[in-house]
């Protein structure tokens, strides 16, 4: 019984054990089937429902988009001489993720060679890369590296270190055109001068090339490409030969007079083209070490000053057009009082002809002419000549100057207005005024780009009237004695007006510092050029325009006329010619 019982129990135990094993096996099979089903669902999801995910992940690992850069457009003078060009250079960059996967920086000879080539201490290079995002794919190590150094770096075959082609701006004329042409930043975007003003025109649009690479960074497939759009070149109105001459003569004049700065602008009166625009001192755009923002300022368009006596030809022109005086009229030019202010000239003259007023630069004479006209007369004339408004030359940063348009003027304000006080002009605006005078009353828009078609212009004053005033302006340099001791240019007649103005201090009051300027046209018989020379704060013992800026004007204009082979027009010197402004003419005294 006992044996039977034991046998039965043993059989039941075996049945239970077999049942338990079968249940575990079934459960395991279920788990396996569920896992397989889940994998099938996942594969189906990835392959059918969300098939692009794997494609995207694969592309992230193998596709690269390379930028196809385009060089910035060239800036040239009117004859095609280069003023700004782009030279090929390279940027050195690092793929941080690849660098990390390859073991990072090793302080071996290759990395030391990279450090030396880039002039970056190896410790500093290591610190810079370590601080960056280790999963990042791009960081610049150096920009605008010349091809020799970049080729050397490329031969080092450092993991994660690559070259990227770019360009750097080079200025062949260096200081001579620095203020006009300006500069670009490290990304080849214009930030000063022509480079900034015409940045969109000079900048092309880069293309793209999509490629596939294998794990060894080899290109295995070209996927697609977008063509780049080439930048435009820019041809300026500037003549590099004349620009060089103007800059050198101006620089010499600033140094000789121990002046703070100087500016000169040359305009073709027949086309309105700016042929030269120079500032001194200048800077080297190819090496900006030590260069401040203030040193880059193009003072020809940004700085304004009271024009002083250079406005007097416009006053004479207005008075003659309105019939206030005739060319042979004689005026009483003795000093007199206006509202407790003493109006006088540098030298005392009892009376002067209208020509003599220009020759001697008589404040008394022009103030009496202004008093004989409505207060709005000079405002209208100055405005017609473009004062108080920009020249629309297209240069960013141009000042519009200041031209007050008040309803009520005191007698003293009208007097001062006639000899160039109470208004502000830039050298470029003054050059436009004299370009109109040289064009015999024709207003032609100023242009900084080359003009190929004839420019008709708009007439502001009758030609006979303007020609008469130009003839009067010739007297300034005649031996009979004008406001300048500068001898006329040998072989040429010139028509100029000199001026001197006190500078304004920070508190708005006049201080004992001066601006000397000379503006004129040549050759006077048939003007071709208008030139303005401004010498700021001369400290060489002289400060009048006739003794400071006039010699610089004569030196520049003489060189220009000879450089472009302008036919001489000067007549032999005679007493009759020098007596043009004898004061005691027996003519009608129109104004007392």
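Numbering starts at 1 and runs along the chain as it is shown here.
Each residue, glycine too, has its Cβ placed from N, Cα and C.
Since the structure is predicted, the reported quantities are computational estimates derived from the model, not experimental observations.
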- Which stretch does TrEMBL mark as transmembrane segment, out of 21-45, 46-70? 21-45
- Item | Model confidence over the domain 'Penicillin-binding protein transpeptidase' (262-557), averaged pLDDT | 92
- Other C-beta atoms within 10 angstroms of the C-beta of residue 309 (active site, acyl-ester intermediate) total 27
